Amino acid sequence: MISLPLTTPILPSRCLLHQTRRPNSTRRRFWIRSSSSLHEHVTAKTTKRVVLVRHGQSTWNEEGRIQGSSDFSVLTKKGESQAEISRQMLIDDSFDVCFTSPLKRSKKTAEIIWGSRESEMIFNYELREIDLYSFQGLLKKEGKEKFGEAFKQWQEDPANFIIDGHYPVRELWSRARSCWPGILAHESKSVLVVAHNAVNQALVATAIGLGTEYFRSLLQSNCGVSVLDFTPTTDGGSPHVCLNRLNQTPNSPLAGGSSGGRKASKQVILVCHGQGNNEDSAVINQAATNDQSMNMLGVIQSQKTAELLLDLRVSSIVSSPKAASIETAGVISRVQKAAGCLGVDSVPRHVETKQMNELDVEGVLRKSNQDNDVIASSQPGWLSQLDEEAVSALWNRSGKAWESLLDKLSDEESNPGEIMVVVGPPMTHISLIAQCLNLTKEGLGLFHLDAGSISVIDFPDGPSRSGVIRCTNYTAHLGRWCIPITRAA
């Protein structure tokens, strides 16, 4: 086993300018840059997949105690069980190396997941959890009582939170950027990184170009798995980065729990429709004029998704007007309404269903990009296959859809637990995720979604404020048809 400090700073592979869409949005700028010069870039020689895992539940997680970078807590029995489930989930996946935080709760999780693999395990102190100084060791209620306004700032404005003369979130972002050169320089194609909640958030954010204001916007649950793909560019510069999935957990992502430390008052579940006839996950054939229905695999995917959602009381389903989306929405609606006879709910469920034309992005792309035969959002750099007119049309349409969905959620303030399911193609939901994060249209290439997947957005402060991405591209519910996290060994 190797212990390796990494200090070279990383710069973003792009500088995306965010936009202001909702009047109450609190988003500011993407980047607080490191002090390194602008000509320094992170490069990847080969295509590389990096799999991030947060440690299992610790004793201080269980107690509600602030851990920070302290090393007093250890995994609970539940935490060890979560790590074992993650090991099983990743047992057929091939990893060339494991980087891990040396803190006991992370180290033990890494050892359980790594199992009998003979490849090296590298301990890197830069992967430790966020440094929270005087907060560390306190129960959350003690932090509130002892530090008052400082604790309130930590909860409400963490990017500018200061304690003991330090800005912990800013320091964390700088440290996360410093980790990437060593990870990407390693001669490997598949890398496992086991660390902590905040630092994993920072690793994801710095990889895709998001600044400190996105702290707590990308959820990391105990033993949640996130996947980043790095693809070399032809000019040898910074690699193209794609978030393949976020926070795939050992249990259902719909099982509840807090969202960034707060309970979600509203929730949007993005369901990618089941695979259609002659459809290769998220591929749009410009020459095709038929509205494709689902094939048998798509029918199975929609049924699996409906089963996953059965434990929730879905209040409304909004779908694209295309056949595969309508069919998927119909399956979910019928299963919801049958909850009583299925023994899940004793109270009859009413589900409002409607179609929204703005969720039909394929039609817009066909009109705007007729010269291209195929657009494949399943491939790295798919955004470059579209001309400027097509990208703008996609972005503008998705912006209208997102505003309409938020307005619908806002109309139901009397029902704080409302859950809305939105059914559409992967490219539509990629656009909605980018809209939720307040990105620009250049951010469309940062995400990947598969047919039959679900993504979950929480609104702990209501739909007029920023959403929290609970998970993206979750496919574990598909069973034998789920999408592997890495290539097979």
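Using N, Cα and C of the backbone, Cβ positions are placed for all residues, glycine too.
Those TrEMBL annotations? Automatic predictions, nothing curated.
Among the features that TrEMBL reports, substrate binding site is placed at Arg54, His55, Gly56, Gln57, Ser58, Thr59, Trp60, Asn61, Arg105, Lys140. The active site, tele-phosphohistidine intermediate annotation in TrEMBL covers His55. Under the heading active site, proton donor/acceptor, TrEMBL lists Glu129.
Within the same chain, the residues at least 6 positions away from Ser58 (substrate binding site) whose Cβ sits under 8 Å from its Cβ are Gln67, Ser73, Val74, Leu75, Thr76, Gly79, Arg105, listed in sequence order.
Calculated from their C-alpha atoms, the gap between Arg54 (substrate binding site) and Glu129 (active site, proton donor/acceptor) amounts to 10 Å. When the record's substrate-binding residues Arg54, His55, Gly56, Gln57, Ser58, Thr59, Trp60, Asn61, Arg105, Lys140 are compared pairwise by CA position, the greatest distance found is 21 Å. If you count neighbouring Cβ atoms within 10 Å for each of the recorded positions Arg54, His55, the highest count belongs to His55. Neighbour counts of Cβ atoms within 10 Å were taken for the binding-site residues Gly56, Trp60, Arg105; the minimum is at Trp60. The residue listed as 'active site, proton donor/acceptor' has His55 as its nearest neighbour among the recorded positions His55, Gly56, Trp60, going by CA to CA distance. A sphere of 10 angstroms centred on the C-beta of Glu129 (active site, proton donor/acceptor) encloses 24 other C-beta atoms.
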